[in-house]
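Remarks on the structure that follows.
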């Protein structure tokens, strides 16, 4: 069923918004982050039952119900510890084996970073458990962030601590 052939009664009950979100998710317009070890988005959306089992076991509460009820990662709630409980709780075949990399997300620091405006801040470095963020001293200026992308595991610990929301996680596979 598409939005075009949605019965009038369901339209009036608000079903069009859920259906529209579902169609956008299936067309891979989704720009959020799925749980670690998730399969490609089109397969994920087709197989996920939106039961919420993965949400209830997430120890850091970063998994939330997103568009059309599908689980998404919100790093502003915390970081991913890669505990794998979401994978273990799911009864559907929507996850890769846990011996593979959990995802290809890496840190991206925007131009709103305080250090780029000559304001001292190192909260991202302080919060990074992988020590992937370092600061290079500048002669007569404020130290600038340097990211070791090989060390960054995409856990998102740096996101929550940033006072100006200058940090996001980007999927390197989508940028190739």
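Using N, Cα and C of the backbone, Cβ positions are placed for all residues, glycine too.
Taken from Swiss-Prot, the feature domain '4Fe-4S ferredoxin-type 1' applies to 39-68.
Here the Cβ of residue 51 ([4Fe-4S] cluster 1 binding site) has 14 other Cβ atoms within 10 Å, regardless of which shown protein chain they belong to. Annotated [4Fe-4S] cluster 1 binding site per Swiss-Prot: 48, 51, 54, 58, in sequence order.
Per Swiss-Prot, the feature domain '4Fe-4S ferredoxin-type 2' maps to 71-100; the stated evidence is sequence analysis. Residue counts for the domain '4Fe-4S ferredoxin-type 2' (71-100) under DSSP, helix first, then strand, then coil, are 8 helix, 4 strand, 18 coil.
Long-range Cβ proximity for residue 83 ([4Fe-4S] cluster 2 binding site), meaning a same-chain Cβ under 8 A and a gap of 6 or more residues, is found for 59. Taken from Swiss-Prot, the feature [4Fe-4S] cluster 2 binding site covers 80, 83, 86, 90, and the record attributes it to sequence analysis.
Secondary structure from DSSP puts residue 124 ([4Fe-4S] cluster 3 binding site) in a helix. Other C-beta atoms found within 10 angstroms of the C-beta of residue 124 ([4Fe-4S] cluster 3 binding site) number 25, with every protein chain shown included. The annotation [4Fe-4S] cluster 3 binding site is assigned in Swiss-Prot to 113, 121, 124, 128.
Below 8 angstroms of C-beta separation, residues 79, 107, 109, 113, 144-149, 151-153, 155, 157-158, 160-163, 167 of the same chain, each at least six residues beyond the ends of the domain '4Fe-4S ferredoxin-type 3' (119-138), sit close to that stretch. Taken from Swiss-Prot, the feature domain '4Fe-4S ferredoxin-type 3' applies to 119-138.
Residues annotated as domain '4Fe-4S ferredoxin-type 4' in Swiss-Prot, with sequence analysis given as evidence: 143-172. If you take every residue in the domain '4Fe-4S ferredoxin-type 4' (143-172) and average the pLDDT, you get 95.
Look at Swiss-Prot and you will find 152, 155, 158, 162 tagged as [4Fe-4S] cluster 4 binding site. In the three-state DSSP classification, residue 162 ([4Fe-4S] cluster 4 binding site) falls within coil.
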Whole-number Å value for how far residue 128 ([4Fe-4S] cluster 3 binding site) lies from residue 162 ([4Fe-4S] cluster 4 binding site) (Cα to Cα): 11
From the Cα of residue 158 ([4Fe-4S] cluster 4 binding site) across to the Cα of residue 121 ([4Fe-4S] cluster 3 binding site), what is the distance in angstrom? 12
Whole-number answer please: how many Å between the C-alpha atoms of residue 80 ([4Fe-4S] cluster 2 binding site) and residue 54 ([4Fe-4S] cluster 1 binding site)? 13
